[in-house]
């Protein structure tokens, strides 16, 4: 008897705080996923880093042995300055790109990466004025970009997602949920094909040092706005049509980001995902729901009364 009462009370407690329990599991799952990523990256990349460190140490010792007139402190100062310049996108190598990092097309590409929060980091402002302007430009530009992308996606998704789903549901009699799922999968496949596989094949042909995997990696890192900066197109030696190439990449990043947001919004509108997301949200109190209903009724009543008065004035 006591065990059944205790069990029923535990069940009621879990049901009453179901959203909190789901949120706790969500936080725990996210933390475990972070730890999982750290373990995998560490196990995969640490041996490669160790080999690179050993190789650099051997090259440094060999260079000092071959050039006995050069001391190690002098070499350290030279390398530090070279690495500092490299962090600002300036290279001393003879086979480096002869183009400037801050011509108009390169600046346009940099502005697009700032506003889209991709931020490759291969080119950064050198002067204090440029850094200050970058802060002000980003504070205004990033919300402006979000507003622009939201408006564009809202208009595109009406024609790309909602109307096709409604058409197949009304004229063909298919279930709206099934049509929405199939449409989301097809749209995602087309987006991956047009903005990942095909551009990756193009980049692997245009960039001399990139294979298909590296090109696909660049496309994913860019369109997901991660922007690690280890692969940046148009920075090779004697790049042909560099200005036109940079403008094309800027357009590709903008269109690809819009396409990604359209696909994401399409999946977010699926009924199953909506139900799944609600598991982790805070449930509204009944009083809040009643207030919302009252406010909605008042707005509806005021709009009806306004329409009635306008009709009377028209009749007069």
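From the backbone N, Cα and C atoms, a Cβ is placed for every residue, glycine too.
Within the set 215-232, 269-286, 287-304, the record from TrEMBL flags 215-232 under the feature transmembrane segment.
Note on the transmembrane segment (178-203): residues 160-161, 164-165, 168-169, 210, 212, 215-216, 218-220, 223, 233, 252, 255-256, 259-260, 262-263, 266-267, 269-272 of its chain, located 6 or more positions outside it, place their CB under 8 angstroms from a CB of the stretch. Helix, strand and coil counts from DSSP across the domain 'Potassium channel' (94-156) read 41 helix, 0 strand, 22 coil. Non-local neighbours of the transmembrane segment (244-264) in the same chain are 105-106, 108-109, 112-113, 116, 118, 149, 152-153, 156-157, 160-161, 184, 187-188, 191, 194-195, 199, 206, 219, 222-225, 233-234; each lies 6+ residues outside the stretch with a CB under 8 Å from one of its CB atoms. In the domain 'Potassium channel' (192-268), the DSSP tally of helix, strand and coil residues is 54 helix, 0 strand, 23 coil.
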